[in-house]
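When I checked TrEMBL for this same protein, it listed these features:
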BINDING   C:54, C:55, C:104, C:132, C:135, C:267, C:268  carbamoyl phosphate binding site
BINDING   C:83, C:165, C:228  L-aspartate binding site
DOMAIN    C:5-144  domain 'Aspartate/ornithine carbamoyltransferase carbamoyl-P binding'
DOMAIN    C:152-301  domain 'Aspartate/ornithine carbamoyltransferase Asp/Orn-binding'
């Protein structure tokens with residue numbers, strides 16, 4: 001039962017709860033019109049204590065396409081909420097005005113505190129270390145829709161695998177489905193942390209491979225999930241410049257890939273995918289953004305307990 | 001007749017006009033669904049020349065819950081309106097786009113100037129000294145809804161009674177109803193100004209008492225209205241530190257209070273009400289925020305001349 | 001066929017396409033109610049990389065009055081879109097969420113780049129040199145509605161005619177209709193550029209006159225289009241102070257004008273039209289703002305291919 005629940009961590013929901021959301025998301029993606037009045041009379045509050053236009057737009061469009069409405073702020077300055085008020089008080093006040101809230105906050109755990117005091121569902125749209133559960137739902141709906149399954153897939157993850165929570169969450173989420181394999185493509189300095197390898201992959205007997213060069217493995221992949229190498233993650237500028245171009249996907253590298261491989265990326269991309277790749281039919285990262293809106297529509301409906309016959 | 005009128009000062013409306021708004025507000029609070037399309041096709045402009053997220057959200061949620069729509073800005077920077085344009089020109093342009101406007105402005109009197117040139121109703125959501133008439137309407141609807149009457153009440157006002165316009169407006173408003181008594185609880189330095197005592201209370205033969213300690217009077221109160229002691233109101237930091245904790249409501253102080261006393265606060269609170277009080281059934285400040293939305297719904301309907309059968 | 005098209009330059013559309021928009025705009029202005037659900041279920045994205053409250057409000061009100069919805073940002077800070085992402089990627093993502101986009105950008109050509117990569121219609125709401133095609137449509141609908149025709153008119157343009165793109169666009173647009181004459185009123189330093197005179201006026205055998213004093217020609221005009229003299233256009237402060245008051249319209253100057261002349265201004269005005277003129281029945285600049293909303297409603301409907309029977 002998802003009605004009235006919060007979504008704070010990608011693993012807050014069971015596999016069957018996630019499947020329920022993905023099923024509805026898939027249905028919405030095929031016939032959005034049918035859901036255009038599902039949330040009439042409902043209000044979503046978007047509480048962005050740090051700006052994230054893309055994520056905010058995705059949630060707002062989701063709510064509006066369900067016939068609901070939106071109030072909110074998009075950066076801390078415009079929020080008098082800052083005037084020394086606690087998160088607890090803020091969410092209790094917001095709950096007087098809105099039916100569901102989305103929060104993005106620079107401090108890790110802030111959405112969890114809000115949820116403790118909230119009488120309305122709270123969705124974490126990214127906190128401190130960028131735990132970002134709706135990105136994971138987005139990835140899952142995209143894979144399920146485009147590959148037709150969440151099982152028996154060989155998933156390549158490429159780029160900064162050390163700091164990227166998006167990648168960690170995706171590994172955890174896909175590990176819950178049968179017979180998936182992971183190929184982890186990164187420079188040594190940015191490898192997946194040990195706890196993911198030990199507590200998620202090895203513990204569940206999941207096959208995985210760590211490599212340094214995309215070219216060596218691209219032919220095996222059903223999914224190539226690219227991520228950005230963020231300048232701020234590096235210890236020094238020199239290190240950044242040495243590594244940043246090592247993991248760029250271009251047409252040349254794509255030659256060795258399967259015809260039905262799909263290329264995903266959480267966006268925004270900087271230069272980790274060459275623009276020439278956009279025309280390739282395997283490039284699915286913009287479609288992925290669209291699935292992001294559909295899965296948020298499904299999530300909002302589920303947490304509000306709204307149904308459409 | 002409230003249609004087409006402005007609301008600039010809490011005393012702009014007669015008692016019977018206020019009662020008309022409160023009656024509708026009460027009706028809305030009991031059955032909001034009934035009013036969910038009352039303002040369909042209408043647009044509210046929220047012109048916040050200084051940020052006030054809470055007030056803005058309350059107005060926006062009010063309009064959206066009436067089926068209306070909202071345009072606006074939430075801080076001066078984002079407003080090119082600043083480009084040397086007069087308030088008169090701004091409101092005349094806004095009146096081309098919207099059906100009703102809410103204005104918050106750092107300069108006292110700005111909403112009044114806007115009203116002079118406006119062909120649509122203008123609501124003052126706080127100017128310079130924070131005249132804030134919809135807060136007063138909020139307080140009245142809350143009291144009427146929770147106590148069942150606006151007469152025969154003993155009202156305790158606690159905290160900064162010198163600079164707090166909210167308090168002054170509430171005294172004026174409640175003085176128009178029969179047989180209310182006021183107990184004014186504040187440090188000597190922050191007592192209610194003389195003009196309120198002379199021109200409002202004494203002139204109308206209203207019983208009132210000035211005290212320094214909440215503990216001495218809490219047992220007599222039907223309503224305890226707490227206010228924030230704002231740091232910026234003090235002449236120096238030392239003075240602020242000496243006084244700020246003197247008027248904090250906690251469980252211990254509450255022991256002497258009536259079982260059906262209600263605790264109100266315009267919010268945001270900082271520490272003038274201890275968090276432990278939140279669980280007490282007499283704590284009504286978050287409910288008050290909800291009544292704030294309902295009374296704004298009523299106000300918008302009345303000023304637009306909209307009715308629901 | 002306007003469906004799916006972009007509007008980047010005022011001359012992007014043929015005369016007959018513009019007439020089609022103006023006809024619908026005129027119809028909307030007479031009976032806005034009829035169109036109040038025309039864009040139900042559609043979303044407009046307002047991408048303001050520099051603030052322009054007035055223009056943003058006009059577009060947002062237009063979309064909301066058509067029953068549509070709006071997402072967007074109103075200034076660059078609040079947009080994480082800035083994070084090194086290309087305009088191409090941004091618009092492709094926006095196109096996942098919205099059905100039509102309005103862009104204002106400090107860099108000339110940015111909306112054109114967006115349009116190249118966009119699967120949804122893009123409207124330029126002002127770029128670098130302030131090409132601003134919907135202002136031109138506003139001017140045309142206002143003239144057509146108030147004068148009953150776009151032909152056989154003597155149009156006075158007054159103020160900064162050198163840098164003001166609004167004026168250049170209006171000259172180009174009105175030159176496409178029959179038998180219009182222009183009287184260009186400006187200081188020598190701010191005359192209409194040569195290319196307009198040669199390539200637009202002389203090439204099409206259009207009668208025009210350049211003068212320095214409004215008083216000498218005001219009696220001949222059917223339309224007096226006033227513009228602001230922007231401080232930032234001047235080489236130095238002294239020059240600005242010498243010229244800024246030279247082209248101020250007041251009651252005295254108006255005495256010599258025709259009874260049915262109309263006074264237009266793109267707004268905001270600073271002091272180039274004295275406040276005393278506002279009461280004159282020939283002052284139509286606020287009405288013009290209203291036509292701006294109506295013509296944007298028409299434009300949105302046409303680009304979305306939406307019809308109302």
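Cβ coordinates are placed from backbone N, Cα and C, and glycine is handled just like the others.
Caution: TrEMBL annotation is automatic and unverified by curators.
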Take the C-alpha atoms of residue C:268 (carbamoyl phosphate binding site) and residue C:165 (L-aspartate binding site) and report the distance between them in angstrom, rounded.
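About 15 Å separate the Cα atoms of these two residues.
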Compute the C-alpha separation of residue C:132 (carbamoyl phosphate binding site) from residue C:165 (L-aspartate binding site), stating it in Å without decimals.
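So the alpha carbons of residue C:132 (carbamoyl phosphate binding site) and residue C:165 (L-aspartate binding site) sit roughly 8 Å from each other.
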I'm trying to understand the geometry here, so how far is the Cα atom of residue C:55 (carbamoyl phosphate binding site) from the Cα atom of residue C:165 (L-aspartate binding site), in Å to the nearest whole number?
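With the alpha carbons as reference points, the distance is 16 Å.
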Would you mind listing, in sequence order, the residues at least six apart from residue C:54 (carbamoyl phosphate binding site) in the same chain with a Cβ closer than 8 Å to its Cβ?
C:267, C:268, C:289
Please work out the mean pLDDT for the residues of the domain 'Aspartate/ornithine carbamoyltransferase carbamoyl-P binding' (C:5-144).
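Here the mean pLDDT over the domain 'Aspartate/ornithine carbamoyltransferase carbamoyl-P binding' (C:5-144) amounts to 93.
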On the DSSP side of things, how many residues of the domain 'Aspartate/ornithine carbamoyltransferase Asp/Orn-binding' (C:152-301) fall into helix, strand and coil, could you say?
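Grouping H, G, I as helix and E, B as strand yields 65 helix, 24 strand, 61 coil.
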Please report the number of other Cβ atoms within 10 Å of the Cβ of residue C:165 (L-aspartate binding site).
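There are 18 such Cβ atoms around residue C:165 (L-aspartate binding site).
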If you draw a 10 Å sphere on the Cβ of residue C:268 (carbamoyl phosphate binding site), how many other Cβ atoms land inside?
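By my count, 19.
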Can you tell me how many other Cβ atoms are located within 10 Å of the Cβ belonging to residue C:135 (carbamoyl phosphate binding site)?
24
Among the binding-site residues C:54, C:132, C:165, C:267, C:268, say which ones reach under 8 Å of chain B by Cβ distance, listed as they appear in sequence.
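Out of C:54, C:132, C:165, C:267, C:268, C:54, C:267, C:268 lie under 8 Å of chain B.
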If you draw a 10 Å sphere on the Cβ of residue C:132 (carbamoyl phosphate binding site), how many other Cβ atoms land inside?
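Around residue C:132 (carbamoyl phosphate binding site), other Cβ atoms within 10 Å: 21.
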Relative to the Cβ of residue C:228 (L-aspartate binding site), which residues of the same chain, six or more apart in sequence, are found under 8 Å away?
C:159, C:160, C:265, C:266, C:268, C:269, C:270, C:272
Where does residue C:132 (carbamoyl phosphate binding site) sit by DSSP, helix, strand or coil?
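Once the DSSP labels are grouped into three classes, residue C:132 (carbamoyl phosphate binding site) ends up as coil.
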Would you mind splitting the domain 'Aspartate/ornithine carbamoyltransferase carbamoyl-P binding' (C:5-144) into helix, strand and coil residue counts from DSSP?
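Split by secondary structure, the domain 'Aspartate/ornithine carbamoyltransferase carbamoyl-P binding' (C:5-144) comes out as 73 helix, 22 strand, 45 coil.
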Over all pairs in C:54, C:55, C:104, C:132, C:135, C:267, C:268, the listed carbamoyl phosphate binding residues, work out the largest Cα-Cα distance in Å.
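Largest pairwise Cα separation, rounded: 17 Å.
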